[in-house]
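As listed in Swiss-Prot for this protein:
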BINDING   H76, C90, C93, H94  heme c 1 binding site
BINDING   H111, C130, C133, H134  heme c 2 binding site
SIGNAL    1-32  signal peptide
Amino acid sequence: MRSQDPSRRLSRRLWTLFALALCLVTGTVALAQTVPQLSGRPSPMQNTGADPLPRWIVDDIQKMRNYPDQPPVIPHSIEGYQLSVNTNRCMSCHRRELTEGSGAPMISVTHYMNREGQMLADVSPRRYFCTACHVPQADTRPLVDNTFKDMSELGFKPAGSGQ
């Protein structure tokens, strides 16, 4: 009878022991690994103070845009500006009729268009909340390295231009 062959029984025991040892070794190695830290912040269960607020850039100098159709950034303080359904403090300077007296740049004519491209007498409701697209700038260091290249740096360079 085959099932009573002692060498076969020994072989089955060896394979079982080998499988158990393999599971034990792999399980301990998997449990011993630590999860890599993606940031230097403490564990979420610890109470920590908030980082200080960044210093806003409020030099009133218009910044160059980084790409076509980028909304201009806000070069002045908007602290305390009321922006609600009933009031928009930005319009007191940037509305088309008031820019001559305020010296502020006029908002784009696209802000007076509805979704169908029809011109309106007043700012389109979908463009009324300025800070949805336009943001003030803060004096901070980048969170990640930036390898951005301006479009002019990516364009064609004639042979022999030395660049």
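Note: Cβ is positioned from N, Cα and C throughout, glycine not excepted.
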For C133 (heme c 2 binding site), list the number of other Cβ atoms lying within 10 Å of its Cβ atom.
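By my count, 11.
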In whole Å, note down how far the CA of C93 (heme c 1 binding site) lies from the CA of H134 (heme c 2 binding site).
15
Rounded to an integer, what is the Cα-Cα distance in Å between C90 (heme c 1 binding site) and C130 (heme c 2 binding site)?
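If we compare the Cα positions of C90 (heme c 1 binding site) and C130 (heme c 2 binding site), the gap is 8 Å.
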Using the recorded heme c 1 site (H76, C90, C93, H94) as reference, state which further residues of the same chain have their Cβ within 8 Å of the centre of those residues' Cβ atoms, listed in sequence order.
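Nearby residues not in the site list: I74, R89, M91, S92, S102, A104.
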Give me the count of other Cβ atoms within 10 A of the Cβ belonging to H94 (heme c 1 binding site).
20
Fewest neighbouring Cβ atoms within 10 Å: which of the binding-site residues C90, C93, C130?
C93
These are the binding-site residues: H76, H111, H134. Which one scores highest on other Cβ atoms within 10 Å?
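That would be H111, with the highest Cβ count within 10 Å.
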Please identify, among the binding-site residues H76, C93, H94, the one with the smallest Cα-Cα distance to C130 (heme c 2 binding site).
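With Cα distances computed to C130 (heme c 2 binding site), the winner among H76, C93, H94 is H94.
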